[in-house]
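Peer 1: To start, I am sharing the structure in question, which I have written as structure tokens.
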Ligand SMILES: O=P(O)(O)O[C@H]1O[C@H](CO)[C@@H](O)[C@H]1O
Ligand SMILES: Nc1nc2[nH]cnc2c(=O)[nH]1
């Protein structure tokens with residue numbers, strides 16, 4: 001994170017705390033709501049305090065510009081646990097520096113968060129996945145990160161974590177077990193998956209060639225968020241559960257040739273009997289998110305009920 005933002009965290013944290021009742025001054029869990037998944041916030045305890053703060057009012061926060069990302073920080077209780085919901089997130093493709101995109105994660109760390117549940121809408125790369133499936137992320141491939149876009153680039157903020165944090169265990173296995181216990185209890189086995197999320201910068205969706213590259217690299221799903229937030233969270237010692245809602249299939253078979261139609265040459269063998277693939281758009285992404293909204297709310301509530309004990313206290317605040 002660049003030095004530019006360094007002194008501002010405490011100002012943001014103090015400002016947020018000034019808006020909260022004592023029971024929400026420290027939050028333990030944070031949920032980041034992906035595209036069309038802002039309904040997750042409706043799973044909070046209805047009989048407890050709730051504070052809704054628009055991002056535009058929070059000092060040093062960016063604002064959300066993407067449809068399906070309302071742009072509110074909500075502090076409330078879920079299963080009696082003080083929890084922060086990011087109802088809407090920031091994406092690099094909106095023009096925000098990655099440091100600004102992940103700024104809220106560090107603010108959440110300072111507010112006391114030890115566990116992050118990060119959700120997203122993603123395209124399915126794995127042949128077996130269908131829209132509506134829910135995938136626990138077990139690993140990620142940050143294509144943008146490998147290309148030099150990592151939120152930790154710049155002077156290291158020692159108060160959060162080390163210069164060279166490990167990412168080989170980024171997605172906590174106990175939290176994934178909790179995810180699958182919740183899935184089982186709710187009878188959602190037929191739509192539950194576990195796989196690798198690929199992070200691309202966006203905002204254009206993948207070409208077919210790019211999608212094939214990601215499939216060959218072992219990717220099961222692809223999206224334009226999450227990995228930077230997870231890198232910032234893991235750097236700060238926060239344990240992470242990542243959940244992708246598969247909203248569409250990503251077209252990845254070779255683009256059909258047209259030359260044979262004009263030249264009378266044979267159809268390339270790889271293109272014979274190719275089923276047509278649907279082009280993706282953001283409206284479809286939001287439709288599928290809306291279709292699964294209630295089930296995901298139930299799943300998140302159940303996960304909260306089954307959560308393992310918190311990890312040992314960190315020394316960042
Ligand atoms: O990852 P979230 O924020 O859920 O949104 C996903 O949906 C949008 C594209 O339809 C992209 O922003 C992609 O990352
Ligand atoms: N990059 C990318 N992001 C998505 N978010 C939802 N669907 C998709 C997709 O197909 N590709």
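Each Cβ is built from the backbone N, Cα and C atoms, and glycine gets one as well.
Grabbed the feature section from TrEMBL, which reads as follows:
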BINDING   35, 69, 89, 90, 91, 121, 225  phosphate binding site
BINDING   206, 248  purine D-ribonucleoside binding site
DOMAIN    29-301  domain 'Nucleoside phosphorylase'
Peer 1: Please list, in sequence order, those binding-site residues from 89, 90, 91, 121, 225, 248 with the Cβ less than 6 Å from ligand 2.
Peer 2: 121, 248
Peer 1: Where the distance is taken from Cα to Cα, which of the binding-site residues 35, 90, 121, 225 turns out closest to residue 248 (purine D-ribonucleoside binding site)?
Peer 2: 121
Peer 1: May I ask which of the binding-site residues 35, 90, 91, 206, 248 have a CB within less than 6 Å of any atom of ligand 1, listed in sequence order?
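Peer 2: Checking each Cβ against ligand 1, the ones under 6 Å are 35, 91.
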Peer 1: Using a Cβ cut-off under 8 Å and a sequence separation of 6 or more, which residues in the same chain sit near residue 91 (phosphate binding site)?
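Peer 2: In sequence order, 66, 101, 202, 203, 224, 225 meet the Cβ cut-off.
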Peer 1: I'd like to know the mean pLDDT over the domain 'Nucleoside phosphorylase' (29-301).
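Peer 2: A mean pLDDT of 92 is what the model gives the domain 'Nucleoside phosphorylase' (29-301).
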Peer 1: Compare the C-alpha of residue 206 (purine D-ribonucleoside binding site) with the C-alpha of each of the binding-site residues 35, 90, 121, and give the closest one.
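Peer 2: Spatially nearest to residue 206 (purine D-ribonucleoside binding site) by Cα position is 121.
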